[in-house]
Amino acid sequence: MSSSSTSSALSTLIFIPCLLLLTAALANAAKFTVTNQCSFTVWAAAVPGGGQKLDPGASWTVTAKPGTTGGRIWARTGCSFDARGKGHCKTGDCGGVLACTAYGAPPNTLAEFGLNQFSGRDFFDISLVDGFNVPMNFLPDSGSCTKGPHCAANVAAQCPSQLQAPGGCHNPCTVFKTDQYCCNSGSCGPTNYSKFFKNLCPQAAIINP
């Protein structure tokens, strides 16, 4: 992943003007504080962690166990759930439930993390490999790691017509499903679409950087 910290850190995740802010405390187990700085409600999701409705200004704390790999936190938009937590979201839906146990459907902006990995380090990034739905900021807070990645641009507002989706912007791999855009071979170069994402969010992980 593109950013890393030692095994004792604190981070915050923010959703920007609309922004999702993620702050994480990493030490053995990790605590992530997700704050909705958007002007509208989002339904935050985490695997592991579940899900939570966040009105503007609201926060939610997610705890991950030591050794967690493949962790993801994201925002869902345009959701409607019943009293049993069943429903649907326009972006980031995770099988029609409020408390996610599976990853969200594209497009969605991702915060990814792994805890206590190589040399005891924690790794985290912001990723657009599943496309984009809201801006996001990932802020660690520790003596040795005080800067984190962000994607503050409103990518959806500038999304190429071929990649447009209700409430977001698809990664080209999701749309075209070819090696040129999915890089299944591992030996492909940048495309006009990957350059579009990288120019707007240079700190985010993408396919074909």
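Using the three backbone atoms N, Cα and C, a Cβ is placed for every residue, glycine included.
Keep in mind that TrEMBL annotations are predicted by a computer and have not been checked by a curator.
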Practice task
Among Cys182, Cys183, find the residue that TrEMBL gives as the disulfide bond partner of Cys173.
Solution key: Cys182
Fill in the blank from the handout: Listed disulfide-bonded residues Cys94, Cys100, Cys151, Cys159, Cys169, Cys188; those within 10 A of Cys182 (disulfide bond), CA to CA, turn out to be Cys188
Exercise for the section: Express the distance between the Cα positions of Cys94 (disulfide bond) and Cys79 (disulfide bond) as a whole number of Å. Expected result: 11
Problem - Candidates Cys79, Cys159, Cys173 (disulfide-bonded residues) - the one closest to Cys100 (disulfide bond) by CA - result: Cys79
